[in-house]
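**Student:** Structure below; questions to follow.
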Amino acid sequence: MEPPMVLGEKEWLACCGSVKFAQEMVDVNGWLEAFAAHPQIGERPSQNHKSPTSAQWSKGEQSTALATATDSTLQELYEWNARYRQKFGFVFLIFASGRSTPEILAEMKKRYHNRPIVEFELAAKEQMKITELRLSKLFSADATAGSTTKTPHTTDVVTKAGEDRVSIIGGHLTAANDSPASKPSRTRPPITTHILDVARGCPAAGVEVHLETWDNGQSRPLFGQADSGTWKLLGSSTTDKDGRSGQLMNMVDALNPGVYRISFNTGKYNPEGFFPFVSIVFEVRESQKFEHFHVPLLLSPFSLSTYRGS
């Protein structure tokens, strides 16, 4: 399965007709909330867990790891969990079903060296594996609950329907929407952004953001050469408590092809950091003018990561 971070609201809306669901699925804060619901590997879920069913499932999913653990490996897990959380700001997440403690430790040590953006996407991918497993459990439980009043043939049909639903969900998550047959009016501006403060493990609020377009149709900005044109400001804003900027440009169905620059005043947000400001330059081509461009930034005092959202 491809990392969920490359999907936008349109793709998630295909999985579930709820606009709120689709918006939450592309929200970094939402992913962090999902991560936080899992206990650390080797740790029992809290008795005050908001979902007793989820806590029970977590216990079952870690059963192989706990059965293969020793005092020394449990201590090592504890230490590496702490190191991982300190670096990335969230719990180490892995599809633990059927995996031993040595396997999980080896994977944690390997992933610890990843860049924050890479690890965030891997954690989201593992979250989706766990979610799919739990959906299949729900569907299976639904079929089992009705088995007393259904014939064996009917029960098989219900179980098969549950499996089909999980398969459909997975298909939507991995499908790439390359050629939209219709181009509906947008519900958000074509270019958006948000910032996650990896050092604090939370969205970065109060960061100034500028969006500009290259205002010279005869040339384009080139690396290593002085600008022969000018940058035209399209809009500016400041990130809110969720790390999202306000509207940076007009709501248009077709985005003008060209070169764009989005800049973040990271120096004002963190005067002790390494970057006084950050600018990201990207080009929108004619074939992409109906797409949505989401440019998140993962920020820590001495490193930055960005990626192209949908």
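Glycine too: its Cβ is placed from the backbone N, Cα and C atoms.
Below, the features straight out of TrEMBL:
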- HIS194, ARG244, TYR307: substrate binding site (BINDING)
- 48-62: compositional bias 'Polar residues' (COMPBIAS)
- 27-135: domain 'Oxo-4-hydroxy-4-carboxy-5-ureidoimidazoline decarboxylase' (DOMAIN)
- 191-309: domain 'Transthyretin/hydroxyisourate hydrolase' (DOMAIN)
- 42-64: region 'Disordered' (REGION)
**Student:** Most Cβ neighbours within 10 Å: which of the binding-site residues HIS194, ARG244 is it?
**Tutor:** HIS194
**Student:** Can you tell me how the residues of the domain 'Transthyretin/hydroxyisourate hydrolase' (191-309) break down into helix, strand and coil by DSSP?
**Tutor:** 7 helix, 49 strand, 63 coil
**Student:** Counting by DSSP, what is the helix, strand and coil composition of the domain 'Oxo-4-hydroxy-4-carboxy-5-ureidoimidazoline decarboxylase' (27-135)?
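**Tutor:** Helix, strand, coil within the domain 'Oxo-4-hydroxy-4-carboxy-5-ureidoimidazoline decarboxylase' (27-135): 73 helix, 0 strand, 36 coil.
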